[in-house]
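A.B. asks: OK, TrEMBL features for this one:
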type: REGION; residues: 1-29; note: region 'Disordered'
type: TRANSMEM; residues: 56-73; note: transmembrane segment
type: TRANSMEM; residues: 94-114; note: transmembrane segment
type: TRANSMEM; residues: 120-140; note: transmembrane segment
type: TRANSMEM; residues: 188-209; note: transmembrane segment
type: TRANSMEM; residues: 235-254; note: transmembrane segment
type: TRANSMEM; residues: 284-303; note: transmembrane segment
type: TRANSMEM; residues: 323-340; note: transmembrane segment
type: TRANSMEM; residues: 352-370; note: transmembrane segment
type: TRANSMEM; residues: 386-409; note: transmembrane segment
type: TRANSMEM; residues: 421-442; note: transmembrane segment
type: TRANSMEM; residues: 448-467; note: transmembrane segment
């Protein structure tokens with residue numbers, strides 16, 4: 001990336017030194033590596049690096065794609081009782097519909113290779129095409145319920161295959177199009193919109209699709225079942241139409257990169273695909289912080305996907321469960337973007353931000369788990385306490401995602417951003433998949449799932465506490481002058 005992009009003016013530091021960028025242990029090593037990366041910049045370019053107004057359009061299109069992918073992925077969890085009545089889904093089917101998301105990450109490394117070798121446009125077009133095919137497959141009108149269920153499962157799998165791009169490519173997009181003092185904000189917007197799409201599924205599904213006789217999957221009349229099925233198909237057609245519009249927009253305009261890079265780091269030479277994996281797997285600090293991200297976020301994603309199923313035993317309606325899930329993710333998105341903007345202004349504070357967020361996540365997840373065991377703990381089990389604990393948990397965990405992504409890239413630079421984030425999201429989805437797999441066998445007793453939340457948050461907090469941060473990419477932009 002960046003062939004023929006660099007000039008003498010471009011190689012000057014773009015930002016002044018800021019807090020947290022003073023001498024650190026290992027600074028000499030990072031200086032040598034950053035200097036080597038800067039030395040690899042091509043010698044000729046048409047002009048200095050700059051940012052373009054069109055970067056916001058590119059960010060908008062990618063964010064809408066991520067939003068739609070999250071919305072389609074979480075279509076069935078919030079309306080699982082209604083889906084059972086309309087299509088005869090079993091508990092295994094409901095769990096598998098959510099499980100197609102992490103299963104779609106199995107070919108994650110192929111998408112990372114495509115992003116690294118072919119660039120952003122080709123990868124995004126392929127991703128949006130998979131989503132068009134997936135959402136279209138779910139809309140095929142057919143009366144055979146067995147075949148209809150198989151088509152829905154196939155559509156969810158195709159949508160799951162779009163997950164690696166929308167989850168991994170945000171840091172790559174922000175580095176390619178945005179300056180050093182906007183990168184964290186752009187990463188937050190692009191990565192948080194996928195979560196916001198999942199949140200809107202908690203809102204749209206229960207509001208459009210009626211629940212069958214409360215939260216218990218009781219038999220209903222044939223007319224009621226047909227009405228529920230019609231409303232579900234309305235949601236499916238609407239999602240298909242939205243995805244087609246986004247695909248058309250990206251096909252018309254989605255450039256792979258700007259004419260000039262926005263920063264020195266954006267124009268610098270990166271490691272090859274094979275060397276990148278060797279660097280990641282041999283870096284103990286990266287593996288430590290990757291587990292700190294993958295375990296709690298994987299557990300939380302699986303927990304959110306079956307939130308209606310988890311809250312049914314405590315007599316929470318499908319609509320209330322939808323609102324709880326919605327506000328927990330929306331709060332996390334808002335706080336995540338705010339935290340990322342703060343990180344852009346106050347550089348070198350990513351570890352401290354994560355420590356604060358996971359301290360809050362550990363406390364709020366413990367509060368929720370103990371509240372669900374009110375027969376033992378005698379804590380008040382009310383709508384207010386469930387709303388408060390779930391929303392706080394979502395705020396603390398979801399808002400950590402863009403901060404983690406930026407810290408990953410800084411830690412292992414010059415490994416390409418797509419490869420770095422691809423590895424950690426792959427790990428996160430594997431943890432999520434394992435939990436959902438166990439859920440299919442132990443769906444009648446979910447208290448163990450609730451205890452996974454505080455346990456994973458506490459483990460992550462300890463790993464972050466022991467982690468030694470570094471800012472190799474930012475060091476190149478701020479300090480190195482070639």
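First residue shown is number 1, and so on along the chain.
Glycine is no exception: its Cβ is also placed from the backbone N, Cα and C atoms.
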A.B. asks: Count the Cβ pairs between the transmembrane segment (56-73) and the transmembrane segment (188-209) that lie under 8 angstroms and are 6 or more residues apart in sequence, then report whether there are at least 3.
C.D. replies: yes
A.B. asks: When each of 94-114, 120-140, 352-370, 448-467 is checked against the transmembrane segment (235-254) for Cβ pairs under 8 Å, which one has the most?
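C.D. replies: By the under-8 Å Cβ criterion, the transmembrane segment (235-254) pairs most with 120-140.
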A.B. asks: Where among 120-140, 188-209, 284-303, 352-370, 448-467 do we find the most Cβ pairs under 8 Å to the transmembrane segment (323-340)?
C.D. replies: 188-209
A.B. asks: Do any residues, 6 or more residues outside the transmembrane segment (120-140), come within under 8 Å Cβ-to-Cβ of it, and if so which ones?
C.D. replies: 61-62, 65, 68-69, 72, 111, 114, 151-152, 154-159, 161-162, 165-166, 169, 172-173, 176, 233, 236-237, 239-240, 243-244, 246-247, 250-251, 254-257
